[in-house]
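Following: one structure in structure tokens, then a few remarks.
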Amino acid sequence: MTKIFRKSNPLNKMINSSLIDLPSPSNISYLWNFGSLTGLCLALQIISGLLLTMHFSPSINLAFDSTVHIVRDVYGGWFIRNVHISGASLFFTCMFIHIGRGIYYGSFKNLKTWYSGVILFILSMLTAFLGYVLPWGQMSFWAATVITNLLSAVPMMGGTLVETVWGGYSVGDPTLKRFLVLHFLMPFSMIAVSLIHLVFLHETGSNNPMGINPNMDKIPFHPYLSFKDILGFSFLLTFLITFSLLLPYLTTDPDNFSPANSMVTPPHIKPEWYFLFAYSILRAIPNKLAGIIALVMSLSVLLLMPILIRSNKRSMTFMPLMQVTFWLMVCNFIFLSWLGAMPLEPPFILMSQISSFIYFFIFFVMFPLISRNEDKILEFHAMYS
């Protein structure tokens, strides 16, 4: 009776084909859990964000005080805000691992799935930036001023764009209200893109660590892989609650505990840690327009992955040179993030420029050359062995 019910009702049939009877490769590892963990983080962010919005006042005179009110006076408000702060860091941690797994195991060859995922990543970055401005602390205000002012580098219409975003001649009350509206609405657009991402994924099927055709050996998603996801959920929730209770402000900037003051510039303006790699690339180039182009390319380079890596093999599992290049890219990414948190002074300026060059050199030169040459080396070895 249960089997008939979940396959006869149209809604249940859709859920059944996506979560229960979905044919999945039998050898996928826990690295494949980070997609569902990212989805769980998104759900937690939306729920906690809705609760915070009920007590938030989008006014430059009240925003900081309403944030203090949430923490001090609202029942459980401190915990909800801590979950929202820590959840953002955990969300991007899961997303970075998810993207890294996609590069390592060649998931970018599912073009529709990959492109929808990159769009989701860019939307996440924009949403997080908008949310960072809302508490209207000192770092929030100056981050909004610096980042939105980058639009002025757009030829012909830069000044008009900046004033449109600001709602005036400087960052102020209209800016805060616009950012709240966009920060409230964009997560729902992210849900839509996530569903599109899932539809495309289920159309082609998941990849596997071996990089071979998975159709030879598939198992139903439930109960085998669903229990792996549930285990991942339990670990993530445990870590999130522990982090929110013990180290809630580890990733925040101390300057943001002071109200915004347009007359005092912080000695070092920096965004949250998950923006630091792109921020470091932006600062490494003295020219504003060139820096913005490099910033955009640091994210949109993911869209070019299917073109840049043209190997006959899907996964890097059997490509040792590509593995070395991949981990070099990961180390450089971490190094760039560290440099983004440093003051803009020697020797960090030169180090940022070198690390930014390495970042693009890996993607545009090393990945294409090594992927093609490693194929030829393996073919030569197979021919004469």
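Cβ coordinates come from backbone N, Cα and C, glycine included.
The DSSP secondary structure for His84 (heme b b562 binding site) is helix. The Cβ of His84 (heme b b562 binding site) has Gln45, Ser48, Gly49, Leu52 as same-chain neighbours under 8 Å, each 6 or more residues away in sequence. Residues or ranges marked as heme b b562 binding site by Swiss-Prot: His84, His183.
Around the Cβ of His197 (heme b b566 binding site), the number of neighbouring Cβ atoms within 10 Å comes to 22. If you look up Swiss-Prot, you'll see His98, His197 marked as heme b b566 binding site, on the strength of similarity to another entry.
Residues or ranges marked as ubiquinone binding site by Swiss-Prot: His202. According to DSSP, His202 (ubiquinone binding site) sits within a helical segment.
Within its own chain, the transmembrane segment (34-54) has Cβ neighbours under 8 Å at 70, 77, 80-81, 83-84, 87-88, 90-91, 94-95, 97-98, 101, 131, 180, 183-184, 187-188, 190-191, 194, 229, 232-233, 236, 240, counting only residues six or more beyond its boundaries. If you look up Swiss-Prot, you'll see 34-54 (among others) marked as transmembrane segment, on the strength of similarity to another entry.
Annotated transmembrane segment per Swiss-Prot: 78-99 (among others), in sequence order, evidence recorded as similarity to another entry.
Taken from Swiss-Prot, the feature transmembrane segment applies to 114-134 (among others), supported by similarity to another entry.
For 179-199 (among others), the entry in Swiss-Prot reads transmembrane segment.
Per Swiss-Prot, the feature transmembrane segment maps to 227-247 (among others); the stated evidence is similarity to another entry.
Positions annotated as transmembrane segment by Swiss-Prot: 289-309 (among others). Long-range Cβ contacts of the transmembrane segment (289-309) within its own chain (Cβ-Cβ under 8 Å, at least 6 residues beyond either end) map to 99, 103, 106, 108-109, 111, 114-115, 118, 121-122, 125, 150, 153, 155, 277-278, 281-283, 356, 359-360, 363-364, 367-368, 371.
For the transmembrane segment (321-341), same-chain residues at least 6 beyond its ends with a Cβ under 8 Å from one of its own Cβ atoms are 100, 103-104, 270-271, 273, 275-281, 283, 311, 348, 351-352, 355-356, 358-359, 362-363, 366-367, 370-371, 373-374. Under the heading transmembrane segment, Swiss-Prot lists 321-341 (among others).
The transmembrane segment annotation in Swiss-Prot covers 348-368 (among others), and the record cites similarity to another entry as its basis. Outside the transmembrane segment (348-368) by six or more residues, the chain places 277, 280-281, 283-285, 294, 297-298, 301, 304, 308-310, 322, 325, 328-329, 332-333, 335-336, 339-340, 342 with a CB less than 8 A from a CB of the stretch.
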Message: To the nearest Å, how far is the Cα of His183 (heme b b562 binding site) from the Cα of His98 (heme b b566 binding site)?
response: 23
Message: Counting CB pairs under 8 Å, which listed stretch among 78-99, 114-134, 227-247 touches the transmembrane segment (179-199) the most?
response: 114-134
- line: One should report the C-alpha separation between His202 (ubiquinone binding site) and His98 (heme b b566 binding site), rounded to whole angstrom, as 17
Message: Validating a neighbour-count step here. Other CB atoms within 10 A of the CB of His183 (heme b b562 binding site): how many?
response: 21
